[in-house]
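**Q** Submitted below is the structure of interest, expressed as structure tokens.
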Amino acid sequence: MSDFDYDLFVIGAGSGGVRASRVAASHGARVAVAEEHRVGGTCVIRGCVPKKLLVYGAHFAEDIHDARKFGWDVPDCTFNWDVLRDNVLAEVDRLEGLYGQTLDSHKVTLFKTRATVVGPQKVRLADGKELTAERILIATGGWPHVPEFPGSDHAITSNEVFHLDALPKRIVIAGGGYIANEFAGIFNEFGSKVTIVNRGDTILRGYDEQIRDRLLQISMTKGIDFKFNAPFQSIEKQEDGTLTVHLENCEPIEAEAVLVAAGRVPNTKGLGLEEIGVALDEKGAVVVDATNQSSVPSLYAVGDVTNRIQLTPVAIREGQAFADSVFGGKPTLVDYANVPSAVFSHPPIGAVGMTEAEARNRLGSVRIYTSDFRAMKNVLAGRNERALYKMVVNEATDQVVGLHMIGPDAPEILQAAAVAVKAGLTKADFDATVALHPSMAEELVLMK
Ligand code: NDP
């Protein structure tokens with residue numbers, strides 16, 4: 001028995017923290033976790049999960065419309081935000097309960113309170129109680145970044161968007177990344193007038209240019225407005241509650257809601273890390289090595305708080321690798337190559353590996369294959385919306401080094417195809433695979 005209260009004290013019960021806690025406990029460690037908000041963290045409570053449910057809810061707008069072309073006599077339908085919001089929030093409550101049960105069944109002690117670090121092996125809870133642990137894991141995630149400008153407090157972030165009292169007739173969304181494009185699609189399908197306002201002229205930086213252009217073009221056709229090179233100046237609240245958004249290089253825009261989606265910052269403020277000598281980078285992220293260890297040897301960090309790849313499955317892998325390495329006697333490093341990602345826009349994007357531009361820079365000679373097609377379902381529905389699949393191949397080895405897709409169900413298809421890219425398969429391997437007809441995914445093995 002060690003002299004410490006716990007073998008491991010985890011701060012933050014999100015995706016990375018919960019995984020690390022329960023795996024460490026299953027390896028026999030005495031584990032406690034502190035969570036100041038809700039068990040489940042960003043993904044479960046105010047991110048991936050409720051967002052995806054809203055995406056499903058939103059897409060019915062197109063399905064209901066298209067069903068008429070498939071012979072269904074669909075009466076005019078109306079959408080009730082309160083019903084969807086409350087059902088989604090109830091599902092979030094259910095999942096939060098399950099996460100709590102998981103911790104409980106692994107005998108992890110849960111402190112539903114804020115904890116800060118007061119020593120390399122000591123934490124303090126909000127009520128002042130101090131606890132010791134041989135190791136401390138920081139898994140506090142990230143927090144929406146709201147740039148400072150007059151009236152910024154009138155804006156909401158992805159934390160509040162799931163709780164809106166009413167569906168806004170008009171919404172301005174600041175930013176051009178994941179959250180901006182996903183919520184632009186959601187609100188547009190629900191019938192809100194959506195304007196995306198971006199400080200630069202690029203949406204979804206990091207994604208393949210052709211795929212980004214296709215989303216922009218389809219989004220505009222669906223009625224989403226884009227203002228580029230238009231940084232926010234201020235938000236003014238009118239007497240009737242309407243918000244007037246003042247921008248550089250643009251006329252003011254009126255809206256019922258303004259959503260700021262300008263990236264997320266690591267959640268380290270006030271945690272006491274710098275005071276005990278933990279190195280943070282310029283964004284406040286905990287600097288860790290490949291084993292998730294910080295500059296203070298007893299202190300580790302996983303997930304968004306380390307600002308490596310801000311994705312839930314990556315945080316889960318890091319939490320698992322940490323627990324297996326430190327408590328399970330199985331040293332494990334996370335492999336960050338070919339991590340697939342998706343944007344749940346309308347239509348969605350899925351991608352893995354290098355973009356065309358990256359591959360040209362890194363490999364020199366590449367072959368590019370594209371398939372630009374209208375999904376069969378869209379043709380019958382009269383929906384003029386083309387999917388685009390793009391394959392990036394290393395000329396020297398024939399290896400497929402990147403796949404980029406926009407179109408119906410692209411993330412579902414991409415997840416399976418990512419296995420082939422991760423395995424280093426070649427274009428010839430894709431060609432040797434017989435098409436599954438009729439499907440959209442068959443385009444992947446038919447590219448000429
Ligand atoms: P992103 O990093 O995707 O996009 C941020 C956007 O905000 C960019 O357009 C950026 O512009 C702009 N921006 C950044 N700083 C400022 C500023 N000071 N003023 C004005 N605009 C600014 O962030 P999100 O907030 O959309 O999402 C946060 C993270 O959450 C993502 O990076 C992703 O890792 C994760 N996420 C993942 C999802 C998924 O996997 N489907 C869904 C939602 C979130 P510029 O391009 O010029 O830098």
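Note that the numbers count up from 1, one per residue, in the order the chain is shown.
For all residues, glycine too, the Cβ spot is worked out from N, Cα and C.
Annotations in TrEMBL come from automatic prediction, not curation.
Features from TrEMBL:
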DOMAIN    6-319  domain 'FAD/NAD(P)-binding'
DISULFID  Cys43-Cys48  disulfide bond
BINDING   Lys52, Asp304  FAD binding site
BINDING   Gly175, Gly176, Gly177, Tyr178, Ile179, Ala180, Asn181, Glu182, Gly263  NAD(+) binding site
DOMAIN    339-446  domain 'Pyridine nucleotide-disulphide oxidoreductase dimerisation'
ACT_SITE  His437  active site, proton acceptor
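Locate each feature and note its surroundings.
**A** Across the domain 'FAD/NAD(P)-binding' (6-319), the model assigns an average pLDDT of 97.
Note on Cys48 (disulfide bond): other Cβ atoms within 10 Å of its Cβ, all shown chains, come to 16.
Listed in sequence order, Phe344 are the same-chain residues six or more apart from Lys52 (FAD binding site) with CB atoms under 8 A from its CB.
Around the Cβ of Gly175 (NAD(+) binding site), 23 further Cβ atoms fall within 10 Å across all displayed protein chains.
Note on the domain 'Pyridine nucleotide-disulphide oxidoreductase dimerisation' (339-446): DSSP counts are 38 helix, 35 strand, 35 coil.
In this chain, no residue six or more apart from His437 (active site, proton acceptor) has a CB-CB distance below 8 Å.
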**Q** Please list, in sequence order, every residue of the chain apart from Gly175, Gly176, Gly177, Tyr178, Ile179, Ala180, Asn181, Glu182, Gly263 whose Cβ lies within 8 Å of the Cβ centroid of the NAD(+) site.
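**A** So the additional residues around the site are Ile173, Phe183, Ile203, Leu204, Ala261.
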**Q** Calculate the distance in Å between the alpha carbons (Cα) of Gly177 (NAD(+) binding site) and Cys48 (disulfide bond), and round it to a whole number.
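**A** Computed Cα spacing between Gly177 (NAD(+) binding site) and Cys48 (disulfide bond) is 15 Å.
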**Q** Determine the recorded positions, out of Lys52, Gly175, Gly177, Ile179, Asp304, His437, lying near ligand 1 in the sense that the CB is under 6 Å from one of its atoms, and give them in sequence order.
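**A** Once distances to ligand 1 are taken from each Cβ, Gly175, Gly177, Ile179 fall under 6 Å.
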**Q** If you count Cβ atoms within 10 Å of the Cβ of Gly263 (NAD(+) binding site), leaving out that atom itself, what do you get?
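**A** The answer is 16 other Cβ atoms.
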